[in-house]
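Colleague: Take this structure first; my questions come after.
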Amino acid sequence: MDLTSALVLAGLGAFHGLNPAMGWLFAVALGLQERSRAAVLRALPPIVLGHAGSVLITLALVSAARLAAPPKLVSYGVAALVCGFGVWRLVRRRHPRWVGMKVSRLQLAGWSFLMATAHGAGLMVLPITLRAGHGTAALVSQSLLTTAIHTLSMLAATTALALVVYERLGVAVLRKAWFNLDSVWAVALIGAGVSAALT
Amino acid sequence: MALIQPDPTFYPSAREAMAAPREELAYVALLDATGEGRPDGLATIDLSDGSVASVHDMSVPGDELHHFGWNVCSSALCPYAPHPHVERRYLVLPGLRSSRIYIFDVKDDPRHPKLVKTIEPETIFEKTGYSRPHTVHCGTDAVYVSALGNVDGDAPGGVFTLDHDTFEPKGRWEVDRGSQALHYDFWWHLGHDTMITSEWGTPNQIEPGPSLELLVGREYGHRLHIWDLTKRRHLQEIDLGDQHQMALELRPAHDPTKTYGFVNTVISVEDLSANIFTWHLDGGVWKAQKIITIPAEPAPADLLPEPLKQFGAVPPLVTDISLTLDDRILLVSCWGTGELKAYDVSDPFDPRETGSVRIGGIARRDPHPASPGRALNGGPQMVEASRDRRRVYFTNSLYRSWDDVFYPDGVSSWMAKVDVADDGSLTLDPAFFVDFASDGRRAHQIRLQGGDSSSDSYCFP
């Protein structure tokens with residue numbers, strides 16, 4: 001993996017971590033509910049692991065497809081899938097319904113997995129992985145490395161934001177600062193899909 | 001179209017919502033007083049001077065509009081179902097008698113709401129199995145609507161949901177209703193994934209008017225039901241005592257870390273008093289404790305309607321309560337005696353009365369300061385507090401067939417306002433009096449533009 005790919009992956013990780021809908025806001029809410037910073041920090045690992053699980057599963061599925069199908073076909077397939085998902089995210093608003101405010105760590109990880117999957121977190125990362133690597137061992141190591149870089153960056157962004165909002169800013173900041181990342185997200189997906197088609 | 005920033009009327013916490021700009025408009029449901037073919041209306045009131053900005057007549061008569069609500073509200077900021085870039089722009093107005101639901105858009109011209117969708121009764125019947133929609137709350141994942149009964153007008157009543165975007169009915173909410181059969185109001189403790197529901201009576205019990213037989217037989221509702229909000233299962237019932245007939249409005253603390261709230265019972269068959277209970281979570285078990293008893297007031301029989309003559313007293317008939325966003329002041333409507341009372345409930349188990357105004361009333365007919373010589377009927381009924389808790393608006397009609405029993409001369413409708421001082425005392429605003437006498441219809445629920453003390457719920461303390 002080259003440096004550019006690693007930086008793009010880290011950037012996407014930070015972007016995902018920045019999105020309140022991906023989990024740091026949930027961690028802040030749980031902290032406020034218990035009035036405890038420890039509760040904020042306790043909530044973050046399951047959230048980040050759920051997100052990483054979603055990314056890894058997406059990469060694993062496409063790796064399997066790459067072992068079975070010609071590279072061009074996989075590239076165009078991924079491009080169509082990622083673009084199509086981005087368009088769908090633009091037109092369709094969804095209100096996920098699963099857990100409430102009282103959640104176990106397992107539920108929190110599951111919620112994060114669903115949110116990441118429903119938003120296409122893994123799909124956005126996918127085109128980066130099409131650039132290099134063939135064969136089972138290469139694909140496995142590349143998927144793991146990709147997930148690791150993305151996840152570490154997401155963890156850093158989400159932890160920093162959760163703590164800054166919990167300790168300093170307060171949730172009132174959301175009213176002005178919570179830009180509609182869903183639209184940005186959808187556009188990013190379409191851009192990632194286009195880049196997959198071009199590489 | 002999704003917004004770029006969150007809807008400016010959404011607030012993460014009730015505390016922050018108290019700093020919202022002052023409300024400029026109120027939306028008020030008007031119901032046809034005669035039942036002779038005139039449609040109900042949605043009035044828009046300019047709160048700067050109490051003038052009527054517009055009245056939109058419904059498409060057909062016979063709806064009996066009651067407790068309406070917003071499509072979305074501050075709960076859209078809740079972290080487990082975040083979608084804050086939707087707009088608080090639609091009012092969802094259920095017809096309690098017709099089972100028809102109207103969707104009004106207030107965005108483009110807030111002074112003239114525009115009807116954009118009508119859900120016909122048959123759609124509600126078919127998709128939910130319920131009828132007589134009564135109360136609307138904007139939930140985190142859907143619009144929730146309570147219904148008093150099934151399609152035949154009998155028990156069970158319950159809750160159904162509407163899709164946030166399309167307003168199509170999604171179906172019955174309850175997965176397991178346990179012992180619950182009667183239904184009235186519902187609200188929730190979002191921080192604890194708990195729903196509370198209350199009991200009035202079935203449509204067939206209440207639509208003909210109040211029944212002395214049902215009352216003496218203690219057959220109106222007197223229980224609260226506790227539900228798992230996410231699993232949609234009945235967890236527990238709390239019986240307030242069958243002497244306490246008609247457990248109506250539920251006002252949970254707005255702070256989501258708190259686990260208590262208030263409910264009013266309309267009339268005690270033992271002494272005609274009205275009572276207010278605090279429900280609370282105690283070691284994993286929900287309990288209720290009576291905290292306020294408002295006694296009946298003696299009155300000469302010749303001033304009383306037929307059903308009350310034998311008692312020589314006016315029951316307070318507490319039919320609505322409202323809790324300010326700081327969870328400090330509980331407003332209590334005594335529709336029978338014509339009194340609006342305020343209590344400091346900072347300690348929810350030890351309320352302290354802080355204010356009272358008198359207007360209307362079955363026997364007293366107190367005037368409004370705007371027109372000191374004019375006897376008024378009806379009494380404080382639907383009550384709504386502004387987000388900053390400094391102003392409280394209220395109307396005087398309950399429910400057509402019940403209005404006419406307690407006020408046989410026919411409720412001539414009005415809307416009034418009180419100012420709430422820092423110490424919780426109340427003063428009628430002499431300059432604010434909306435007189436619906438010339439319209440002839442009766443004012444019921446009030447919703448304030450941008451939200452009020454009973455339309456939003458919050459996930460952050």
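Placement of Cβ uses the backbone N, Cα and C atoms for every residue, glycine included.
Note: TrEMBL annotation is automatic and uncurated.
Per TrEMBL, transmembrane segment is recorded for A:6-32, A:44-67, A:73-91, A:111-132, A:144-166, A:178-198.
Burial and contacts for the listed features, if you can.
Modeller: Same-chain neighbours of the transmembrane segment (A:178-198): 12, 15, 18-21, 75-76, 78-87, 89-90, 93, 119-120, 123-127, 130, counting only residues six or more beyond its ends whose CB sits under 8 Å from a CB of the stretch.
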Colleague: Taking the transmembrane segment (A:111-132) as the reference, which of A:44-67, A:73-91, A:144-166 gives the largest number of Cβ pairs under 8 angstroms?
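Modeller: So the stretch in question is A:44-67.
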Colleague: Using a Cβ-Cβ cut-off of under 8 Å, list the residues of the same chain that are 6+ residues beyond the ends of the transmembrane segment (A:73-91) and lie near it.
Modeller: 62, 65-66, 119-120, 123-124, 126-127, 130, 182-183, 185-194, 196-197, 199
